[in-house]
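Features reported for this protein in TrEMBL:
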type	residues	note
DOMAIN	B:23-178	domain 'VOC'
BINDING	B:Q26, B:E91, B:H128, B:E174	Zn(2+) binding site
ACT_SITE	B:E174	active site, proton donor/acceptor
Protein chains: 2
Amino acid sequence: MASIPDVSAFMTAAQPTETKGFIMQQTMVRVKDPIKSLDFYTRVLGMRLLVAKDFPEWRFSVYFVSPRHDPLPESAEARWQHCMTTPGCIELTWNHGSEEQPGRVYNTGNADATGSRDGEPVKGGFGHIGITCPDVYAACERFKALGVEFTKSPNAGGMKGLAFIKDPDGYLVEILPHAYDRATGAMPTQPVDCNGVALDGGEGYKDNSK
Amino acid sequence: MASIPDVSAFMTAAQPTETKGFIMQQTMVRVKDPIKSLDFYTRVLGMRLLVAKDFPEWRFSVYFVSPRHDPLPESAEARWQHCMTTPGCIELTWNHGSEEQPGRVYNTGNADATGSRDGEPVKGGFGHIGITCPDVYAACERFKALGVEFTKSPNAGGMKGLAFIKDPDGYLVEILPHAYDRATGAMPTQPVDCNGVALDGGEGYKDNSK
């Protein structure tokens, strides 16, 4: 590919009939300690546990969380269907016993050495999950007050108005606005962010994409 | 944790007010060749490209795909907002030039050696994305006809009624039903699947969770 390709055809192609009803329902990540992760995804990110399922014979459990907060159906079957038809759930997988291992357990995907045998960084494919919200700066003030770890506050780095925080396993969570600022046609910004970084400060571009 | 913990409190906790409006909008994975990936996610999985954004100064591009097929807004700003308020998009990130590298480029998260410096498997955190659909067996017959690679057809392994396929970079995509079979309270099954595997065949449990 000598240059950036024209991809407009992928915006206009008709949906294949056989794929009607397909839902992008889950992103699965392994977590060391389910209580720490569930606390983070529910209390900090405002999600709810929709379904928990244990497989003691295979020594793992899975937990589906989502920002969805409408009433959960009564029966286990209906609750499963409710979850399986909710787009964008996160499936937290806990391998029993991992919570007793020292340090981080799983490679996060971002040039991280965790989980490699030689202690060298791995060129990972997974980057992050991303949460959009009405006000990135207010969300980040709250994350900061809750003791959340940042890798980029909204005014740091080259992209102003978005942030990256870490979940308990070190997975990156991007925090983005729902919409651009109408006046500027860019992400809304504020003069100073939760870390005291000014809009014209905060170093250069911090690359999370490579 | 001596035993499987009680997590029911995470199902009933009230949503923190400050997190209202939070949307689990994206899962980002890096892809080697955007045209191959966009073809797979649109033609095979039935998604649509909602937004493409190039960052030539930083030598990468991002592509947001989703099963959503209602009309796209006209303006770039409105289209961005449409995308940023759509739960469960996949953000495909292309680092310019990766398409010219030989072989696989990124570690997939599943005990894969790609991207490690010593060629040894890495204990990865990311597992898969998962698509739910009305009929897993019909979806898999179609995937098979389209030449998609399976790591588990619906009747293979210990969990009957779900499948795993691979995207062009080797990322796992789980294919699951929207709902349980009312009669059995388990995932719907058929006697023989797209790979000719009978319901009582297909080896034992194939572990994708560790």
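Just so it is clear, glycine is given a Cβ too, placed from its N, Cα and C backbone atoms.
Sequence features annotated in TrEMBL and their locations in the structure.
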{"residue": "B:Q26", "record": "Zn(2+) binding site", "DSSP class": "strand"}
{"residue": "B:E91", "record": "Zn(2+) binding site", "DSSP class": "strand"}
{"residue": "B:H128", "record": "Zn(2+) binding site", "DSSP class": "strand"}
{"residue": "B:E174", "record": "Zn(2+) binding site", "DSSP class": "strand"}
If one looks at the chain holding B:E91 (Zn(2+) binding site), which residues at least 6 apart in sequence have a CB under 8 angstroms from its CB? B:Q26, B:T27, B:M28, B:V29, B:V62, B:Y63, B:F64
Here the 10 Å Cβ neighbour count for B:Q26 (Zn(2+) binding site) comes out at 26
